[in-house]
Amino acid sequence: MTLKIRTIIILFCVISVTTTSQSLNATLKTFDPRLLNSTADRDIAMKNVPLVRLTRHLLSPERYDVRVRPILDHKKSLKVHISISLYQIIEVDEPSQNIKLNVWMIQKWRDEYLDWNPNEYGMINSTIIPFHHLWIPDTYLYNSVKMSRDETERYMNIQATSNYWKGEKGAELSFLYPAIYTITCRLNIRFFPYDRQNCTLTISSWTNSKSALDYYADTEVSMQSFIPNEEWQVKSFKIHRHEYKYACCAEPWVILQASLVIQRKPLYYLVNLIIPTSIITLVAITGFFTPASTDDDRTEKINLGITTLLAMSILMLMVSDQMPTTSEFVPLIAWFYLSIIIIISIGTFLTSVVLSVQGRRQYGRNPPQFIRYIFFVLLPQVLLLNVPPPLQTLWGELDDDPLNVRRRKKSHYLSRNVNNGSTKMASPMSTLRVPQSAGSVSEKRQSFQMIDVTSPNSPNTARSRAPSLAPSTAKATMWEGTMSALAGTNTQLRRTSNVFNKEVDEMRRKRQCSLEWEFLATVLDRFLLIVFVGAVVIVTAGLILVGRMAQYSYDHPDDRFFNV
């Protein structure tokens, strides 16, 4: 009985061991080491990753300190190479005298503390490390408007490349990051909108002199990724290295100066400001000096001048908003607007003068003879003006043509000189007088209209004497009465004719006076129109010419003739 019990117990144990062994084998087959959850298990797994081992090796606190300049011999300076790539000109703020640029910065230096053998770390020759785990130079933009780095630079990671294959210690670090710099720039807008600006980025360390950090840079700034600007054209962007000594330190400081030369594109200002201003001025000047309106009045031209002045003032304010506040010089476009305003002001004043000239017709006095000769004879030929036919007719009827009057004066002056010379010679012919046509044509015509029949020498009297011998006394008395009545009627008619002729002549002279002053104002209008249109054209062409000369002087600084 006891033997049977022992046999049963042994069989049960064998079966239990077999079952446990099978379940253990099944569990081992389904085991996945990635399912480890404990920290110790993860550390054991991560230690086998080469990149993790390399990073922990390089950044271990026992061998690397971000506060220490990464060079084994601290008596030597650490060389830092800087490259700049211009991406975009964001804004040029003339009133604030600054410029905003989007650039890509690259700083390269050698970190002698980051040393590893790629053979020990899975042939890893290069790795990426966050910037805050490594020492970086305190490179600073001296003339930055914004002081905070968070507002200007966006730091990323640093690429480390081993120098093991070069047989040297350490690693080469490349620190690439984008930046938006707003730098101060003294803008010279003397020849605006044909100006060229030179803005400089001053880059160096803020706390380390040349003995600690020695900066180098590429000569040219890369423009491969540059987005062209619609207003500015980049002429050059070069980096210059300088060494300066300051009073604080015995060692010199290395300063990198990146000079950005940009030139403004003037087409926008020509199309939107200069040409419209010239057109408005020409229209205003043409309105100033055109003939009178239908109501024979020029007073509306004063209102036109004042309105144009207001328009020019508004345009000048628009330009001044883009200019910096300076008293050192006046920009070229400001000279242009100032000249245009002066031209319009003088034109408005001279329009008042023309109105005054036109208004003198109410006084009933003709212009002086020299004025008549200049404005009625000389200037109309030059200005391609014709004397109005009514005025020419009046000159012919009144024998008052300015050219004939001048000729008569010359002939009278010559004849007087001849008479004076003849008197000195005491010639018998000196008693003779040359007939003078002092009277007008109307007076000559009037002298033949009426004949005094009572004159004893008249032919009517002679004829009346012949029959007076035959008739009787009664007939003679009747004849004498008739002749007396005729003589009185003739005298009355002569007086009436004289009064009528005088009134007609007076009306003609008043009409002549009015037409002459009106034509004088028209000649003045045409003359001033040509003068002021020429002035506007000269001012506009002068602006463009001076601007082109300024651009030429920028491109040819050695040419002294065009050096501005």
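Each residue, glycine too, has its Cβ placed from N, Cα and C.
Because the structure is a prediction, the values reported are computed rather than measured.
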Partner cysteine of CYS185 (disulphide bond, per Swiss-Prot) from CYS199, CYS248: CYS199
Topological domain name match (Swiss-Prot): LYS169 vs PRO402, membrane: no
Which candidate, of ASN25, ASN420, Swiss-Prot gives the annotation N-linked glycosylation site: ASN25
Other parts of the chain folded back onto the transmembrane segment (302-319), taken as Cβ under 8 Å at six or more residues beyond its ends: 273, 276-277, 280-281, 284, 287-288, 333-334, 337-338, 340-341, 344-345, 347-348, 351-352, 355
Disulfide-bonded residues compared (CYS199, CYS249) - the one with the fewest other Cβ atoms within 10 Å: CYS249
ASN125 (N-linked glycosylation site) and ASN198 (N-linked glycosylation site), distance between Cα atoms, whole Å: 43
Pairwise Cα distance for CYS199 (disulfide bond)/CYS248 (disulfide bond) [Å, integer]: 27
Confidence summary (mean pLDDT) of the topological domain 'Cytoplasmic' (354-526): 65
